[in-house]
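What TrEMBL annotates here:
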- D310: active site, 4-aspartylphosphate intermediate (ACT_SITE)
- D310, K311, T312, E418, F460, K483, R514, T594, G595, D596, R711, K717, N741, D742: ATP binding site (BINDING)
- D310, T312, D738, D742: Mg(2+) binding site (BINDING)
- 38-91: domain 'P-type ATPase N-terminal' (DOMAIN)
- 124-184: domain 'P-type ATPase A' (DOMAIN)
- 764-1011: domain 'P-type ATPase C-terminal' (DOMAIN)
Amino acid sequence: MLRRRINRLLGGDEGRVHSRTIYVGQKSCPPNEAFIPLKFCDNRIVSSKYTVWNFLPKNLFEQFRRIANFYFLIIFLVQVIVDTPTSPVTSGLPLFFVITVTAIKQGYEDWLRHKADREVNEYPVSVLEDGRRIRKQSEKIRVGDIVEVEEDETFPCDLILLQSSREDGTCFVTTASLDGESNHKTHYTVPDIESDLQYLSATIECEQPQPDLYNEQQSVHVTFWPCSALTGPAANQYLKMFTDFLSFMVLFNFIIPVSMYVTVEMQKFLGSFFITWDKDFFDPEIKEGALVNTSDLNEELGQIEYIFTDKTGTLTQNNMEFIECCIDGFQYRHREDSSELDGVCVTDGPVNKVQQKAGTEREELFLRALCLCHTVQVKESTKNGQDQIDQVDGLGADEEVLHPTHKERGFIASSPDEIALVQGAMRYGFTFLGLESKNMKILNRNKDVETYELLHVLNFDPVRRRMSVMVRSKTGDILLFCKGADSSIFPRVRQEEVERIRMHVERNATDGYRTLCVAYKHLSAEEYANADAGLREAKLALQDREEKLMNVYNKVETDMTLIGATAVEDQLQDEAAQTMEALQVAGMKVWVLTGDKMETAKSTCYACGLFKKNTELLELTLRTLEDGGRRREEKLHDLLLEYHKKAVQDAPPVKLGITRSWSGASHGFGFIIDGASLSMVLSSSSESNSSLYKNLFLQICQNCTAVLCCRMAPLQKAQIVRLVKNSKGSPITLSIGDGANDVSMILEAHVGIGIKGKEGRQAVKNSDYAIPKLKHLKKLLLAHGHLYYVRIAHLVQYFFYKNLCFILPQFLYQFFCGFSQQPLYDAAYLTMYNICFTSMPILAYSLLEQHICIEVLLDNSTLYREIAKNAMLRWKLFLYWTALGLFHGLVFFFGVRFLFSNPALQDNGQVFGNWSYGTIVFTVLVFTVTLKLALVTRHWTWINHFVIWGSLAFYVFFSFFWGGIIWPFLNHQRLYFVFANMLSSVSAWLVIILLILLSLLPEILLVVLRKPRGPHARQMKRRLPSSGTSTIFMLSQTASTHSFSWSD
């Protein structure tokens, strides 16, 4: 890093100019040109955070930036500097343990990063130098080197394609290592390049690398305030008061132990493995299970109020199947029972003609458009032919349609829609054979091969929502074929042709199909020449390249002729309807954010059960805003007020005690909005109106059972999530999606879920959790999320309770020792109480506890509502644990004090001292808080038994061991044989047992006498046997095929 900064300083600032010139092959510039060579940084990849030299100072700085570690450091320094009643070891040892463990963990993780960096940087690469092919490490590649990359190899740096082994000069690239997208993208070689690269003499002028968007500079101003100095007796008095305050702060700092911070972190870290180990999340199709990228949000899974989901690939499978097409207004539907494929003109063929059929010329033109307007590539099958075909979404049952010489081929495409359309054309007799040397070949229904020269591809983008190709036929005709969304195609074709197709498009969208419109245009020689020149100029532009390309695209894609439309079905995910219903019953509101048409998305919402038959839909789209002939702004205002009155003001009041639920008898309202209307709501011309519109829109949506947002851009998805997240009450939000266009809303929500779908892994990489299918979301939230939240709530409250029991006797003791800061417990007990004696039982409890079994949580979604709105950490429960801690602390201290009212407690007549007093109190304390945890444990495993009884046994063993040996490093042996002498007294035994029973008696009576009440009492009784089938990853104790028992 230092070397890179020096290079930037000494080698000239690359950012001074907008572009830079690079000589290919490291060749020098011509003698007649003046050129100052630039110094570029090397090709090393550095993802690590530390080095051997800066690890210790940098890691310590990072750790002590945390407020908890800094607080305990101050306590330790106070103990070192000020004469405090406790040893610095009591706080220094736990802090040292935490810092050391964290440093080891972070050091190990950084070592793994160094190891991964070395693998990348030392990767062997073939480079052409001085006409020879040599092998060098990736990190030694210099800017301007000519690199040879073979098939299935990773690009070692940013490259420009000079040559390809394919005759057509193309290569297929995936960007999975950059943005997670696994779809293949086609790249073309630079034209007019010499075949022998060793004689190539060329320069490249390119733009500078993009600057760091997150580079930020800040300045801190420190002001020193004047103060007056105090001397003499007053200063000593104030100093004594200050030191006494620090001493008492040290004495009582254990109310907030550092071990709680460690235990919570360990609970989150170890608990995340249970999601990964859950076999119910394993998907045999992709042979993967769940993935946890962030372990800090486990408890948030039990507090979700709003779910924002994508449609394609999330609610649906993103597995496209060609259903039907419309040509010149006539419907063509493929028959599944057809045995042969003779083309669309044969009456007894697989085409179901509704009314009549289009002309043969128009039919063939439409099918040629489907075979030519795409970026699909045909890849020959390898030895593992079937695997290859399956991998690239091969032809499967349709293989008999292929020409005999092209049977074992698979398709590669950037979108499954394109494969479905190519396969749809095959059903009607037109087969795409592939692209060779920029020539696209088609096998028509007469078994003749047609060849078209591919001139240009106008790629699809989410703004245009269409893509086009320019091809030249053998007769010399130049054709432009275009396909895209109806909203993008209809304004660019002759309007008299639209009405014939619009009816079919809307009907298909209502049926839930994805629709695309197909158009074409004959280009004259002059039109093509202008378009070709414009495209070449735009592609060579270093500034505003995308904008210039867009201008050329829009100019050439006008005055087209509409041919027809296609309908492709995207089937619902497995158990999508059941999952959505369970989440709604659990009190979560589901919003669907999609870029698809409103009709398609609405039918999907009905199929998923988000909209019911009796759901009244409130629509706020351009169609409703344009009704009435008034200005859109006025219509928007009126509609929002109308919908607010209907859904909010006139809505029946919510019953007392019911939160985030709606009646099952009436499914209420559903709200639909499109991207254009949302833009008007969020960015009104008037600032006051914008705030009003946002509030009305939010209140309407919050009172609807489901919300559908269609025609959404990725940025708009994030805006909606942010709007709800920052609303009144700060509800916990969850976003789930499978594609790169969902990343913005995944990052914006409190919890982001990625689906391991077919649109790459960008969503998975940017998510907090990743699951294979939508149906797994039900168990993730209703089971794992519910239990995680209950466990962490009990952990925090139990820690506060046991430390209140620990500190209260120490506080009361000060009233009987003249406030001398005399500790009640030995330093070893102060140090070990939260680290060893009481830490493992609560950690095991917080990992394994199941107060309700998994099957009940999944079958009874309403149980999720009972923990909503942070119900387990409210004042009522906090006051209960506080009162219990106060009661136990009083019993411990005054119970032992009552024992000490008898001066002679030993057989030899000797009396116990203050360390015996504190040891008895501490013994009762350890046993009581541990047995209290045992009483609240519902789900017993051998781990619980081991840590609970093992902790008590360890305390007894440690007390004998610590007090039975004279330790040379201790100046004062306070507990020498104190524990053994204490247990030799029958009175001490009696008091310990009686005080433990007295402390736990109210809890025991409460458990015995309390009867389950409420509608879930019967389900709560469904406990399971505690032996044999206890699972490591929170699955049910029933002996199901998915359980993982320790006996395995």
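Quick reminder: no glycine exception, Cβ is built from N, Cα and C everywhere.
Per Cα geometry, D310 is the residue among the recorded positions D310, D738, D742 nearest to R514 (ATP binding site). A straight line from the CA of R711 (ATP binding site) to the CA of D738 (Mg(2+) binding site) spans 17 Å. T312 (ATP binding site) sits 8 Å from D738 (Mg(2+) binding site), taking the C-alpha atoms as the reference points.
Across the structure, N741 (ATP binding site) and D310 (active site, 4-aspartylphosphate intermediate) are spaced 9 Å apart at their Cα atoms. Residue environment of D742 (Mg(2+) binding site) contains 33 other Cβ atoms, counted within 10 Å of its Cβ in all protein chains. Checked against D742 (Mg(2+) binding site) by C-alpha proximity, the recorded positions D310, F460, G595 yield D310 as the nearest. The two recorded residues, F460 (ATP binding site) and D738 (Mg(2+) binding site), have Cα atoms 19 Å apart. Around D310 (active site, 4-aspartylphosphate intermediate), a 10 Å sphere centred on its CB holds 28 further CB atoms from the protein chains shown.
Per the record's binding annotation for ATP, residues D310, K311, T312, E418, F460, K483, R514, T594, G595, D596, R711, K717, N741, D742 show a top Cα-Cα distance of 25 Å.
With DSSP states grouped into helix (H, G, I), strand (E, B) and coil, the domain 'P-type ATPase A' (124-184) comes out at 7 helix, 25 strand, 29 coil. Summarised by DSSP class, the composition of the domain 'P-type ATPase N-terminal' (38-91) is 28 helix, 0 strand, 26 coil. Of all the Cβ atoms in the protein chains shown, 19 others lie within 10 Å of the Cβ of F460 (ATP binding site). Between G595 (ATP binding site) and the residue listed as 'active site, 4-aspartylphosphate intermediate', the C-alpha separation comes to 9 Å.
For the pair D738 (Mg(2+) binding site) and D310 (active site, 4-aspartylphosphate intermediate), the Cα-Cα distance reads 8 Å.
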